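Beneath this line is the structure, given in structure tokens, with notes to follow.
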Amino acid sequence: MSKFQNYYNNDDNVINYPYIDYIIKSYIPEYYVDTNRRKYVDMHIFEEAMLHVSTIYEESDKTYERLEYLGDAIFHMIITEYFYHRYNEENEGFLTRLRIRIERGDSMVELSKNLGLNNFVQIYGISLNDHILEDIFESFIGAFYLNFGMKYTRLFIIKLIEKHKNLSELIAYDDNYKDLLLRYFHQMKWGHPKYIEEIVIDPKNNQRNKFISKVKNPFDKVIGIGSASTKKKSEQLASQMALTNLGVIIDGEIDTDWINKIEKIETEATQTEIKDKKPMSVFNPNNKLLSKNTIKNLLLQYNTKLPTIDIDLKLFYEAMTHRSYLIRKNLPNRDVPKSKSIVRLQKKSNERLQFLGDAVIHFIIGEYLFNKYADSGEGYLTRLRCKLENSESLFFLAKQSDISSYLLISQNIEVLHGRENVNIIGGGLEAFVGALYLNIGLGTVKQFLLEIMRIELDINQIAENETNYKDLILQLYNKNKWGHPVYKILKEEGPDHCKIFTMGLYLGNKLMGIGKASSKKKAEQIASKKMYQNYINN
């Protein structure tokens, strides 16, 4: 008999309070002695977390997808912070690899089964599979957070991991293509692989998104492409193609001698650099240190008031230190600073704080969009979050807030326009957020980040641009059994190099919307928007 047998009814298997009570007593018994705890559990949220899209009967029916979106962001941040503290001497590459292994699909499925969630999944007309179990785990975390808050969700996840995961085995485990590509980039000192996601409606199933991932090298060249039903899998496939193109995978097998090959390439590149480049001092006269007043004023600029807590300047110095400005042994005489005002080399780079700050930003934006767009689906929320948290947006925010001017970078990086480098400057903002989170707490970070986005980014316009009205029209036609939407060219104007297209959207023979733009696709979007808004308004 299953240990969860007493907590579900074999007729409908609906998740229930006795099961939640069992989970609390098993993982966070301290919750019941907390006098400030919430006095009731909203079981409707947990029930929603178990509803697969196949159970939809009416348009108003809910599924677990929004809670899955929220749970993904929560789990990601808590695991990131946990590893950051537990492995406080390890570098960002190690932490990233370990986190990837915990967040893998098979790992999530295992955790879902450890909790017995497979007993409560509501599906119709299909068989329970690992993909659903992976989703259900994240949606359960989302529901848990909405009921019990961050404090107890963090405690629950940490105890769950410590009970069911052998971290030593995960550290030794290394067959992950994304891991290997990250190691390759680190060996080449290329920073991080840049993944670009595109989300489209899967033509085989209009209810699900299809992810297309492209991975780029530091020279902005696409080196791998992957397509799958989940973002993680598409990134794995893109990484596999990249490793093949880079010569790490040969005839489908990983070349065991690849690290030696990288080191050889690296040595040759270093020797060429020494021959070709004029030596330059690492010390950068343009660098400047953050002060407590600068940090306070920066926060006040974005309507964020500091609580009565001492600012840990060492932590913020670390957050602003690019790896090019670290202490190194045996500096040549030319590298001795000529002025006492020049900022000294630092002991730690900001890479660990970037690792943490990235996850904090991911969570804050995810939760904000979840609440702001309460009627929007997981696909839309994911696309919008990607726009707000991508490196270009973070770079823009760092420049607008002037955080970029406090990055400590070597003179060589400065000359190479390092303060205009999207990854370096965007990473600086991530690290600043990580330091702010550790020093002051989530509430202040949330207030700062949401205010800087509100003031510097037009979120409503970004959201409007992200709305794919052609997808909405397709769903509308499918729901009403109207067949397929038909777009026709009504008019073409102007010379070939500067054409203006007028497109019409038809339902049968009836013209439902007209759009005019410099491309057919844009005109179709405008026509779709007009029809959709007319349908909603009427």
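Each residue, glycine too, has its Cβ placed from N, Cα and C.
What Swiss-Prot lists as domain 'RNase III 1' is 24-149.
Residues annotated as domain 'RNase III 2' in Swiss-Prot: 238-381.
Sequence annotations record features per position, and here Swiss-Prot assigns domain 'DRBM' to 408-477. Looking just at the domain 'DRBM' (408-477), the mean pLDDT is 90.
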The domain 'RNase III 1' (24-149), counted residue by residue under DSSP: helix, strand, coil: 84 helix, 2 strand, 40 coil
Residues of the domain 'DRBM' (408-477) by DSSP state, where helix covers H, G and I: 59 helix, 1 strand, 10 coil
